[in-house]
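Peer 1: The structure is given below, and queries will be raised subsequently.
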């Protein structure tokens, strides 16, 4: 396919889209991604995943702090037919949106207009949504407000985590992009305006939202654990030890349970009494320690029913 494509993306979610374009014979004339950032315990300067993927494919990489007037002219000089944007991390302004012949299209990890914004995967899990999907959208200057080109739905399973859903939606998005690219470049798709009904926003999760509140119902806490797994993990003070809860399930409680205490411990996990039912923790990571099963954790620490959890 002899098309001049500019690709813009940054995290792991965007890599399958870039890979799919190259595998389909569409080598972007340029890749834009965020600058290298300090990461990890040593705060070493680390390239974003899209940069590593682009270099693996031998593609030219640009890493501006923002897409300003100078960058818009750089893109214009590339004479692109289309700009493909996947989790780039910036809202594009009109001076960029108007440059490509067929504009800019975005791969978004929700069924728009539900969950516009930065954290659609986590918000869908927190809300207990039964399905989500990917929307291919013609970009405008708003926050995920542009008209839709295509959508693909997928169910959310009962044990879905943010990690597993992220990987599946990234693959769905890549396939959706490649499947509809010929129509987009032929001007053969009529964009469909997003409906006014059903609009919700997916703000980034705050630090406070990572804490589990044992006074909430167990089902709600389980959703929070899954929405924060595997990274960064839901936080909890288990007795005297702060931990990250990586896997848990809601189960039935007992009349004598006191919310915010350890209800039971055993080979299956650590059961915490909540506002409604119990939360059985099966995998966790203590502060400064390694990820482990609850059984392994109990082998090295004494935890008894009645201890406080907060």
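Using N, Cα and C of the backbone, Cβ positions are placed for all residues, glycine too.
Swiss-Prot lists 110, 111, 112, 113 with the feature (6S)-5,6,7,8-tetrahydrofolate binding site.
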Peer 1: Among the binding-site residues 111, 112, whose Cβ has the fewest other Cβ atoms within 10 Å?
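Peer 2: Least crowded of the binding-site residues 111, 112, by Cβ count within 10 Å, is 111.
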Peer 1: Using a Cβ cut-off under 8 Å and a sequence separation of 6 or more, which residues in the same chain sit near residue 110 ((6S)-5,6,7,8-tetrahydrofolate binding site)?
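Peer 2: Non-local contacts for residue 110 ((6S)-5,6,7,8-tetrahydrofolate binding site): 116, 120, 121, 124, 132, 133, 134, 135, 202.
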Peer 1: Please classify the secondary structure at residue 113 ((6S)-5,6,7,8-tetrahydrofolate binding site) using three-state DSSP.
Peer 2: coil
Peer 1: Starting from the Cβ centroid of 110, 111, 112, 113, which together make up the recorded (6S)-5,6,7,8-tetrahydrofolate site, report each further residue of the same chain whose Cβ lies within 8 Å of that point, ordered by sequence.
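Peer 2: Surrounding the site, in chain order, are 108, 114, 115, 116, 120, 133, 135, 144, 151, 194, 198.
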Peer 1: Output, ordered by sequence, the same-chain residues six or more apart from residue 113 ((6S)-5,6,7,8-tetrahydrofolate binding site) with a CB under 8 Å from its CB, or 'none'.
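Peer 2: Once residues fewer than 6 apart are set aside, residue 113 ((6S)-5,6,7,8-tetrahydrofolate binding site) is near 144, 145, 194, 195, 198, 199, 200.
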